[in-house]
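Have a look at the structure below, then the notes.
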Amino acid sequence: MKPGNRTFDVSEFLLLGLSEQQGQQPLLFGIFLGMYLVTVVGNVVIILAIGSDPHLHTPMYFFLATFSLTDLCLSSTTVPRMLVNIQAHRRTITYTGCLSQIYFFLWFIGLDVFLLAVMAYDRLLAICYPLHYTLVMNPKCCILLVVMSLILAHSYSLTHTLLLAQLSFCTDNIIPHFFCELLHLLKLSCSNTYANQCVLIYWGGALTILIPLLIIISYVRIVAAIVNVPSATGKWKAFSTCGSHLSAVCLFYVSAIGVYFIPSTADSASKDRIAAVMYAVVTPMLNPFIYSLRNKDMKNALGRLLSRRAMIFP
C-alpha cells in the first residue's frame, strides 16, 4: 500500500495469546508459571553448580553455563509478559514494547544457535584432537568464541529489528500469538516487506541450514573417531560427553522446524503457537534436565552444591 493510502499507524498490538477462551486462562497461567519457575530454577542451579565446582571449570562447562544463561533470558523475554497479560486481563502491547521483545527474543534465539555450534566445535576438538585441545581451547579462545556468538546474534537481531521499524502497520493490529513474533508482524504490515523477506531467508538459511549442517559434519567426524577408540569404556565416555549436547540440538531444531518448514494450513496460527511454545518455553525448561541427568560430572556437582546449601540452611 502506498503511503498516501494508509489509514493510520498503530500504536499498540493485540496479542490473542494461546487461547481466546476465558475459562482456560487460569489453567494456562498455572501451567506456564510452573514451567517458567522450573526454567529459572533449573538454569540457575546449572550455572551455580558450574561456577562453584572447580572440577567443572573447563571449556565444555563454561559454554554450558553460558547456554543456560541464554536459555533463561530467552524464556524471560516472552513468558513473564504473557503471565502479566493473563493476570491483568490485558492483551495489548505497545509498538515500542513489541519491537523490544522481538529484538531480545531474536538475539537470544540466535545466541542459542551459535552456542550450539560452538559446543559442537568444542566436542570435536576434545575427541578428535585431544593432544591439542588444551592448547587450542584456552580461556582466551573460549571467551572469544562466546563474544563472536554474541556479536553475530546481535547482528541477526538488530538487522531484523531495524528493518521492522521501517514498516508501517495500518488498521489490522491483531497478532494471533502469545508474543510479538516476526513472521506475524510481517504479515500485518501494509508496507513493502521485500527487504525483510530477503534478510529472513538469508539469516534463516544460515541459522536453520548452515549451522545444523556444520554440527552434523562435526558429529560425523566425532563418531568416526569414537568408533576407532579401542576400549568400550573409552567409547562410552566419549559418547556420554556428546549425548547431552546432541539431545539439546535435536530438541531445539525439531521444534523450530515446526515454524519455518512445515507447510502452512488454514489453521497455521495454532501450529505456529504450539511450535513457538516448544522452542521458546519447553526447550529452555528441559535443557537443564538433559545436561544434568545424562552427565555424571554434572550430577556430582549438583550433589555437592545441594549438600553445601543444606549445611548453610539446615
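Keep in mind that glycine also has a Cβ here, set from the backbone N, Cα and C atoms.
Annotations in TrEMBL come from automatic prediction, not curation.
The domain 'G-protein coupled receptors family 1 profile' annotation in TrEMBL covers 42-291.
Among the features that TrEMBL reports, transmembrane segment is placed at 27-49 (among others). Outside the transmembrane segment (27-49), and at least 6 residues removed from its termini, the chain residues within Cβ reach (under 8 Å) are 17-19, 56, 64-65, 68-69, 71-72, 75-76, 79-80, 82-83, 86-87, 281-282, 284-285, 287-289, 291-292, 298, 301-302, 304-305.
Residues or ranges marked as transmembrane segment in TrEMBL: 61-82 (among others).
Residues or ranges marked as transmembrane segment in TrEMBL: 102-121 (among others). For the transmembrane segment (102-121), the list of distant contacts is 60, 63-64, 66-67, 70-71, 73-74, 77-78, 145-146, 148-150, 152-154, 156-158, 160-161, 164, 179-182, 185, 207, 211, 214-215, 218-219, 245, 248-249, 252, 279-280: same-chain residues at least six beyond its ends, Cβ to Cβ under 8 Å.
The transmembrane segment annotation in TrEMBL covers 141-159 (among others).
Residues annotated as transmembrane segment in TrEMBL: 201-227 (among others).
TrEMBL lists 239-262 (among others) with the feature transmembrane segment.
Here TrEMBL flags 274-293 (among others) as transmembrane segment.
Among residues of the same chain six or more beyond the transmembrane segment (274-293), those with a C-beta under 8 A of the stretch's C-beta atoms are 18, 32, 35-36, 38-39, 42-43, 45-46, 64, 67-68, 71-72, 74-75, 78-79, 105, 109, 177-179, 181, 244, 247-248, 251-252, 255-256, 258-259, 262, 299, 302. Remote same-chain residues near the transmembrane segment (61-82) are listed as 15, 17-18, 32, 35-36, 39-40, 43-44, 46-47, 50-51, 93, 101, 104-105, 108-109, 111-112, 115-116, 118-119, 122, 142, 145-146, 178-179, 248, 280-281, 283-285, 287-288, 291, 297-298 (criterion: CB distance under 8 Å, separation of at least six residues from the stretch ends).
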